[in-house]
Amino acid sequence: MKLSLLSTFAAVIIGALALPQGPGGGGSVTCPGGQSTSNSQCCVWFDVLDDLQTNFYQGSKCESPVRKILRIVFHDAIGFSPALTAAGQFGGGGADGSIIAHSNIELAFPANGGLTDTIEALRAVGINHGVSFGDLIQFATAVGMSNCPGSPRLEFLTGRSNSSQPSPPSLIPGPGNIVTAILDRMGDAGFSPDEVVDLLAAHSLASQEGLNSAIFRSPLDSTPQVFDTQFYIETLLKGTTQPGPSLGFAEELSPFPGEFRMRSDALLARDSRTACRWQSMTSSNEVMGQRYRAAMAKMSVLGFDRNALTDCSDVIPSAVSNNAAPVIPGGLTVDDIEVSCPSEPFPEIATASGPLPSLAPAP
């Protein structure tokens, strides 16, 4: 993932943690395909689901297309700035699908490099099924994550208009930004420092493609096909290794061969404003999933009134559970952790047996 870094908030939390049934379970409407759902407006999404899983995700795999959609969902939604609006300028439409509708403009933004093929594939799906691009991006994200063990089941609301304007430039925080710049940009969009850390759980499934081409698709943690806390643990390990022949853009030393470390991740893990939240994400896959789901529910309605949208979460499949406990990778110990939260002791996390890992590129 060449990243950029993706009603009341209480209502968002409640909605985000109430797991829906599904896919197609427990509803009162029977769709033409025989599926059961809560609302007739949701029926079209079963057809989109089959199309995405068969073609876009190449048989429901947790591979590169999932990582691309995680970039896209964040880059689309974060094009939202109340500060610009207050200054009398267009502040962006948020999660409106403008990255697809206005790809001729938005794909020229440096943060969106390498997304053209994925955007065009999504455009074809949206047109074929007659769904809005904003809805499609949110749906494809939830479906894609369901292919990755351990992922939370994301909320999916439909009803976004397909009318949008191009996002203003320079609204996507990037891996070379300092922490203050990231927190200021995310704060403008309505996210607290804690929520910034929560959203970075997406990096559990991430790899980089454009930051260091010599180590193409090098993962950001040792389990890039599993949604787990290893990303938070491993980003706190001392950087000792240069995984490629030279360091790439916004790259820091890594704890073992094959793993890529983004400068923004390393800084956020150690900054006084975010370090304690970061540390709290290391020891519980369940807590990480709950927090990510809540933050994604909030991001998915940037620019929209959630009460005007229809809940079709029951169409989203559930991911396979991940029962593996968090570990400090083999060859390392807790002494290799750069503890950065002064107010709380580092959690007790087991150390894996075996030698220091050496990671292959993510698929």
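Using the three backbone atoms N, Cα and C, a Cβ is placed for every residue, glycine included.
For HIS75, the entry in Swiss-Prot reads active site, proton acceptor. Swiss-Prot lists ASP76, GLY94, ASP96, SER98 with the feature Ca(2+) 1 binding site. The Ca(2+) 2 binding site annotation in Swiss-Prot covers SER204, ASP221, THR223, VAL226, ASP228 and is backed by sequence analysis. Look at Swiss-Prot and you will find CYS31-CYS43, CYS42-CYS312, CYS62-CYS148, CYS276-CYS341 tagged as disulfide bond, backed by sequence analysis. Here Swiss-Prot flags ASN162 as N-linked glycosylation site, drawing on similarity to another entry. Residues or ranges marked as O-linked glycosylation site in Swiss-Prot (evidence: similarity to another entry): SER358. Among the features that Swiss-Prot reports, signal peptide is placed at 1-20. For ARG71, the entry in Swiss-Prot reads site 'Transition state stabilizer'.
Features recorded in Swiss-Prot, as mapped to the structure shown.
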residue	record	contacts (Cβ under 8 Å, 6+ apart)
CYS43	disulfide bond	VAL29, CYS31, PRO32, GLY33, GLN35, THR37
GLY94	Ca(2+) 1 binding site	ALA77, GLY79, PHE80, VAL301, LEU302, GLY303, PHE304
CYS148	disulfide bond	CYS62, VAL66, LEU205, GLN225, VAL226, PHE227, ALA319
ASN162	N-linked glycosylation site	GLY97, ALA101, SER132, PHE133, GLY134
CYS276	disulfide bond	CYS341, SER343, GLU344
CYS312	disulfide bond	THR37, SER38, ASN39, GLN41, CYS42, TRP45, PHE156, LEU157, THR158
SER358	O-linked glycosylation site	PHE256, PRO257, GLY258
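Between the binding-site residues ASP76, ASP96, the minimum number of other C-beta atoms within 10 Å of a residue's C-beta occurs at ASP96.
Taking the mean position of the Cβ atoms of SER204, ASP221, THR223, VAL226, ASP228 as the Ca(2+) 2 site, the remaining residues of that chain whose Cβ falls within 8 Å of it are GLY150, LEU205, SER222, PRO224, GLN225, PHE227, THR229, GLN230, PHE231. Summarising the environment of VAL226 (Ca(2+) 2 binding site), the number of other Cβ atoms within 10 Å of its Cβ, over all protein chains shown, is 20.
When secondary structure is read from DSSP and collapsed to three states, CYS42 (disulfide bond) falls in the helix class. Of all the recorded positions in the record (HIS75, ASP76, ASP96, SER98), the one with the smallest CA separation from ASP228 (Ca(2+) 2 binding site) is HIS75. Compute the center of the Cβ atoms of ASP76, GLY94, ASP96, SER98, which mark the site for Ca(2+) 1; besides them, the chain residues with Cβ within 8 Å of that center are ALA77, GLY79, PHE80, GLY92, GLY93, ALA95, GLY97, ILE99, GLY134, SER164, SER167, LEU302, GLY303. Among the recorded positions listed (HIS75, ASP76, ASP96, SER98), HIS75 has its Cα nearest to the Cα of THR223 (Ca(2+) 2 binding site).
Sequence-distant contacts of SER204 (Ca(2+) 2 binding site), defined as residues of its own chain at least six apart whose C-beta falls under 8 angstroms from its C-beta, comprise LEU220, ASP221, THR223, PRO224, VAL226, PHE227, ASP228, THR229, GLN230, PHE231, MET288. Between the alpha carbons (Cα) of HIS75 (active site, proton acceptor) and ASP96 (Ca(2+) 1 binding site) lies a span of roughly 11 Å. Between the CA atoms of ARG71 (site 'Transition state stabilizer') and SER98 (Ca(2+) 1 binding site) there is a gap of 14 Å, rounded to the nearest whole number.
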